[in-house]
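Taken verbatim from TrEMBL:
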- 1-100: region 'Domain I, interacts with DnaA modulators' (REGION)
- 172-300: domain 'AAA+ ATPase' (DOMAIN)
- Gly183, Gly185, Lys186, Thr187: ATP binding site (BINDING)
- 356-475: region 'Domain IV, binds dsDNA' (REGION)
Amino acid sequence: MSKTAETVWNNCMTFIEDNITSQAYKTWFEPIKAVKLTDNALSIQVPSKFFYEWLEEHYVKILKVALTKELGTSAKLVYIIKMENTYGNKQPFTEKIPSANRSNLRSQEVDVPLKNKSPELKNPFVIPGIRNVKIESQLNPNYNFESFLEGESNRLARSAGLAVANKPGGTSFNPLLIFGGVGLGKTHLGHAIGVDIKDKYPEKTVLYISAEKFTQQYIESVKKNNRNDFIHFYQIIDVLIVDDIQLLSGKAGTQDVFFHIFNHLHQNGKQVILTSDKAPVDMIDIEQRLLSRFKWGLSAELNHPDYDTRVAIIKNKLYRDGVEMPDDIVEFLANNIKTNIRELEGAIISLIAHSSFNKKEITIELARKIVDNYVKHTKREVSIDYIQKVVSDYFQMDVDTLQSKTRKRHIVQARQLAMFFAKKYTKASLASIGSQIGQRDHATVLHACKTVDNLSSTDKQFRKYVEDLSKKLTL
Ligand code: ADP
Ligand code: MG
């Protein structure tokens with residue numbers, strides 16, 4: 001008897017039903033439809049992306065066991081995400097994205113087993129001698145401009161991104177450097193520019209790469225003795241998007257090779273887009289010649305989203321996941337999670353998950369409980385004022401003395417320690433730390449951080465100060 005998608009899936013369902021709670025089965029498995037079976041790949045349709053992520057997160061093992069029983073060890077599972085009214089998407093079904101992208105967990109059609117936390121590095125080198133090899137962009141189609149909501153906090157960066165996408169290499173925004181704190185949309189915007197360019201200029205070679213992966217590839221190329229191939233590969237790209245460029249900090253070899261690639265691309269009118277969690281002036285251990293190039297184009301900051309933008313982002317996410325949530329809860333979330341869009345999304349996902357698991361309505365109480373978890377789990381940021389107070393108390397001086405212009409050694413040391421801890425425990429820029437600790441400039445703060453580092457490795461007494469103060473500040 002030949003197997004059909006339906007019979008295979010029914011058998012899987014029977015097995016799964018026996019092995020998980022009936023509540024979970026009803027919530028997560030009953031809504032799934034088997035769609036097709038080709039060779040050993042079973043395609044199933046799930047109601048939303050959220051659903052798919054949840055299955056992957058919680059049921060990938062049991063799915064794999066069930067499917068292997070039915071189809072043998074080469075079994076594959078392909079998710080098809082059904083999204084009616086897909087926000088900003090023209091097609092009802094999404095396309096397959098290149099396998100190297102799967103680790104992003106964003107792909108919409110995915111094979112099992114893919115719970116691959118540290119996927120092997122896909123080496124995108126062009127094999128020397130082979131021409132016209134197509135380079136996969138490594139772009140995530142879900143991270144596009146339409147899903148990147150505009151607000152005061154991102155207007156400049158977003159418009160600059162759009163301008164670059166309209167005329168890659170043809171604006172003065174080259175490089176375009178997008179910087180801002182964690183979870184504020186740097187990666188999303190970087191992809192969006194690439195996706196838009198691919199859309200408008202399909203013939204252009206676009207490549208998205210994280211600085212981390214770039215570094216790994218570079219190291220690999222040195223090991224394999226093909227550094228030149230590495231450079232050559234990057235030099236034929238039309239639009240290069242490098243994410244989290246601050247990670248090149250302290251890596252002289254990688255910086256050097258990036259410098260050459262950058263120059264080549266820039267001279268040839270190719271577009272470079274960079275993201276970083278810091279402004280160029282605050283980047284540490286990045287060579288001056290690179291820093292100065294980062295500043296050639298435009299540096300655009302992503303700030304914390306304002307209330308209206310937060311509400312819009314929540315509503316958009318709910319809409320895309322096909323979930324309804326009362327307005328007062330949306331407002332509650334927007335009021336309570338302010339500084340990180342990723343956390344905001346995380347809270348929404350937990351909330352939906354809790355309520356579907358317990359078959360409970362989404363209530364304010366539930367929302368409060370979840371937000372509490374988030375707030376508790378996020379590190380509380382100590383303020384620069386608090387740091388100055390703790391350091392002054394410890395050395396038995398007052399804050400005015402600590403900030404004064406005196407060059408007395410013990411006061412200078414206290415001030416340097418305050419700067420060092422401000423750098424370590426807050427997200428403030430060097431310039432802003434300097435201005436808050438006695439009107440110093442960013443170079444003074446940088447110098448203070450280095451001095452503290454040096455002294456704590458050479459001077460025992462000083463190391464004790466650092467340790468004592470760390471304890472006090474992190475209590
Ligand atoms: P970063 O790279 O700055 O840490 P990400 O780009 O990964 O941040 O964004 C974190 C999450 O927030 C992503 O899921 C992203 O889609 C979402 N996000 C960020 N900015 C926006 C925005 N303006 N509109 C909609 N979603 C956003
Ligand atoms: Mg990022």
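Cβ coordinates come from backbone N, Cα and C, glycine included.
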With an 8 Å cut-off on Cβ distance to the Gly183, Gly185, Lys186, Thr187 Cβ center, who else from the chain surrounds the ATP site?
Gly180, Val182, Leu184, His188, Leu189, Thr275, Leu302, Ile341, Arg342
Since the record lists Gly183, Gly185 as binding-site residues, which of them has the fewest other Cβ atoms within 10 Å of its Cβ?
Gly183
Write out how many residues of the domain 'AAA+ ATPase' (172-300) are helix, how many strand and how many coil, based on DSSP.
67 helix, 24 strand, 38 coil
So if I take the binding-site residues (Gly183, Gly185, Lys186, Thr187) and measure from each Cβ to the nearest atom of ligand 2, which come out below 6 Å?
Lys186, Thr187
Would you count the other CB atoms within 10 A of the CB of Lys186 (ATP binding site), including those on all shown protein chains?
23
Using Cβ-Cβ distances, find the residues under 8 Å from Thr187 (ATP binding site) that belong to the same chain and are at least 6 apart in sequence, listing them in sequence order.
Tyr143, Asp243, Asp244, Thr275
